[in-house]
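Record features, source TrEMBL:
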BINDING   H116, D139, H141, D143, D247, D249  Mn(2+) binding site
Amino acid sequence: MNICRVFVRKMSQEKKWEPLRKVGIIGVPFEKGQKKYGVSVAPAALRAAGLIEKLKEIEGLDVKDYGDIETPGIKEVNVANMDHLALVSACNKHLSACVTQVLKDNRIAVTIGGDHSIGLGTVDGHYKVNNDMILIWVDAHADINTNKTSDSGSVHGMPVALLVKEFSNYWPYLPTMDWQDVVFSIKSLGYIGLRSVDNFERLAIEKYKVPTFAMEDVEEHGIKNSIQHVLQALDPTNSRPIHVSFDIDALDALEAPSTGTPVRGGLTLREAINLMEIVYATGRLRAIDLVEINPAIGNEKDRQQTIDAGLCILKAALGFSRRGTAPRGVLDLPIQDPHKPSQ
Ligand SMILES: NC(=[NH2+])NCCC[C@H](N)C(=O)O
Ligand SMILES: [Mn+2]
């Protein structure tokens, strides 16, 4: 039997994944998912630091800026221990539609927060286009509290719990949230970088066996094995689109001090870059969120360091190589005539 031919046929049936070389940037100046002032300034601060230009420098990358999502003032609703739900809901409804549009334009959706409550809209919008997507939540926190289990009442600690269909019995009726179809499964979720996990969050992770590499596990296995393990657990056939929701507080507070809920003992920037390089190399990254950069926290150096770290993470996710990239289609260095003066 011609095993070889069967193998070749099987290979050619498998979808080949190439990194998408087109991206769409969405800014979300939203901060009502938590209590501190400043995280809404991040999209402007990143743009001022050259976000668009720096991404355009990546060889072959086509970058389109879709502008910012604005959230007009709105009448609040009353849900126990859940601050500003109506505003969070309005912002995410709009954001979800925008992410869907970027993906339909055949671009990777790059969303700049904003606090992490906006993960609700980015994942909702992504799922509408790729319902086989997997979600990698890179964070110091699990963000899987309900209004019953949260100590803070801040929705940036709840987006994962709002997203997953397995949690429907853990929520009351949530006014203003009727736009959301809760269809994403917790079976498609994995965590990297955790080190501040509330009791009920830990219970949820164990109950639903969420592939989780908390900092102790990253310590034991290294970042490369950690991400590969999560990807393998969620998608053993390497065939599902990837969404990374990256909270800057996944980095050690020394690497990214300008954030609202910093925790020491986190990822180094090198580990975060390596993580994103590995995700890029799969060719399957379709959406990335970068959230919780708060330029109003710390001094000028803290601010710059945090924004710079965020830019490094985005660049690694979108194909920047630390090895360098030779100019495309050029085979030699520029020739000069040794008998003539320079021109
Ligand atoms: N996206 C974040 N920074 N989340 C922090 C959440 C902290 C805490 N677990 C809470 O529920 O409030
Ligand atoms: Mn978070």
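All positions are counted from 1 along the displayed chain.
Yeah, the Cβs are placed from backbone N, Cα and C, and that goes for glycine too.
Among the binding-site residues H116, H141, the residue whose Cβ has the fewest other Cβ atoms within 10 Å is H141.
Surrounding the centroid of the Cβ atoms of H116, D139, H141, D143, D247, D249, where the record places Mn(2+), the chain contributes additional residues within 8 Å, namely W137, A140, A142, H156, G157, A250, T261, V291, E292.
Taking Cβ-Cβ distances under 8 Å and a sequence separation of 6 or more, the neighbours of D139 (Mn(2+) binding site) in its chain are H116, Y191, I192, G193, L194, S245, F246, D247, D249, A250.
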